[in-house]
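Positions annotated as domain 'F-box' by Swiss-Prot: 26-72. Look at Swiss-Prot and you will find 126-154 tagged as repeat 'LRR 1'. Summarising the annotation, Swiss-Prot assigns repeat 'LRR 2' to 177-202. The repeat 'LRR 3' feature in Swiss-Prot is assigned to 206-224. The repeat 'LRR 4' annotation in Swiss-Prot covers 271-300. Per Swiss-Prot, repeat 'LRR 5' is recorded for 330-355.
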Amino acid sequence: MAKRRERRGRRQHRSHRRIQRIIDGADFINYMPDDILHHILSFIPTDLAMRTSVLSRRWRHVWCETPCLDITLKHGAMNQTLTSYTAPIITSFKLVMDLNSNTVPQVDSWIEFALSRNVQNLSVFVRDFTYSKTYRFPDIFYLSSSLKLLDVTLDFFDMIPTCTVSWKSLRNLTLRFCQIPDESIHNILSGCPILESLTLDTCRLLERLDLSKSPNLRRLDINQQYRRTGPVAIVAPHIYYLRLTYSSTPSTIVDVSSLSEANLTIISSLLSPLTADGYQTMALEMLSKFHNVKRLTVGETLLQILSLAELRGVPFPTLKVQTLTVKTEFVRSVIPGISRLLQNSPGLKKLRPSTMKMHHLKGLYPDQCWRSTCEVFPTSKEIYKMLGCNDATLKLVASFMDLVLRNAKTLERMVVWLGGIYFNGDAPWFEEELFDMVETLSRNNNVSILLKQSNC
C-alpha cells in the first residue's frame, strides 16, 4: 500500500511539474516585449489576431498596435471592431475584398484608412463577382508619399487614374489582371521617380511600355499567359533583369541595351507547325536583342522551338552569355537547340541544367522530326519509361554531359539538378556509380561538375 501511494505521489509530482512548465511558458510569452508580440501576430490574419484579446488583460490591446494587418472582407463585420486600432504607422496592409454594391464604399474607406496610417507595403485584391467592372480607385489612392511597395490585383477592370499620380517613395510595383492603357501606365510611371522593380501580370490594353524615363528601374517581370495581354512593345534601356513569360504573341523587344540577365519562358501545349514558325522568328529576334546578357534562363518549349530553327538551318545570333540555365528533360526534341546555344555562347563559364516535367507539344511532332540526328536521346514519351532502368538512366546522363562538353569549349563549371525520379532509392549502388561517372568526367575534362537532387 505504501509503495502504491509513493508511485501515485511521483506521478502527481511529474504532472504538477508539467503543468508548471506550461504556466511558466505562458508567463514567458506574456512578458515578451510588445515588439516581439506584434511580430508574432503579423504572421496570422487580423481576425485571428483580434481574438487574442480574450486571453488575458495583458493581451487585450496588443493586436491594436500591430503594424501589420491582413484582412479578408466578405461582410462588413470588421469595420466597427477596427475602430479601436491605434498603431500610428502601418508597415504592411493586405486587403482582400469581394466587390458588390454594398462593399464599394468599404473598399474606399479601407484604402483611406491604410493611407492615413502612412502604410509602407500595401496589397489590394478586389474580386468583382457582379461583373460590372465599374469600380475605380479613389484619387487619394494615387497620392501617397509613404508607399514603398504596392501590389494590386483586380478582376480585369480599369486602373485609370483621373489625377496626377504621386508615389514618390514607391520602389516595387506589381499590377495583376488590370486593364491599363498606355496613357495610364505613363501617368503611373511618371509619379514613381525612384521605382526599381515593375511586374505586369496578365494586364490588358497595354500596347507600348516605355521605361526610358525611369532611370532607376532595374527589374521588369512580364507575364502574358492569356491572349490579348500586353505590352506589345518594350522600351527599357535601363533594366538589368527581364523575366518574360508568354503563351501567345510575345512582346517585341525594342531596347534593352543595359540588360544583363534574362529569363524566357513559353507556356503552351497547343502549338502548330505554323504558329511555331512565328515563335521561331520572334524568339531569334529576341535573342539578338540581348547584346549584353550575361545570365540567361530558357525553358523546354523555347528550346524545342530553337531546335526546330537549328534543323532548318536558320542563323543564330552570337551571345555573350556566361551563365546558362536550361529547364528541361534530356529529350530528343530539345537537344539541337541546346547544342546551338552552347556553340553560340563562346564565353560560357557555367551551365545549370535543371530537369523538370515536360509538356508534350501537340502539332510540333517532337518524336519524329529529329529522329535521325539525336537518336541517343529518348523522345518525350520514352523518357519516363526508361528512368526506372538504372543502366538507361546512367547512359542518358552521360550522353547529355558528353554533349555539353563537346559543344561548350570554355565551360568551367556545370551544376546538374536532377529530379528525384532519376535516383533509385532501392539501388544505392546506382547513385554511387552515377556520382563516380560524374567525378570521372569532371577530372578528364578539367570542368567542375556537381550533381544535385531537386524536388521536381
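Note: Cβ is positioned from N, Cα and C throughout, glycine not excepted.
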What counts of helix, strand and coil residues does DSSP assign across the repeat 'LRR 5' (330-355)?
-> 12 helix, 5 strand, 9 coil
Arithmetic mean of per-residue pLDDT over the repeat 'LRR 5' (330-355) = 93
For the repeat 'LRR 3' (206-224), DSSP counts of helix, strand and coil?
-> 0 helix, 9 strand, 10 coil
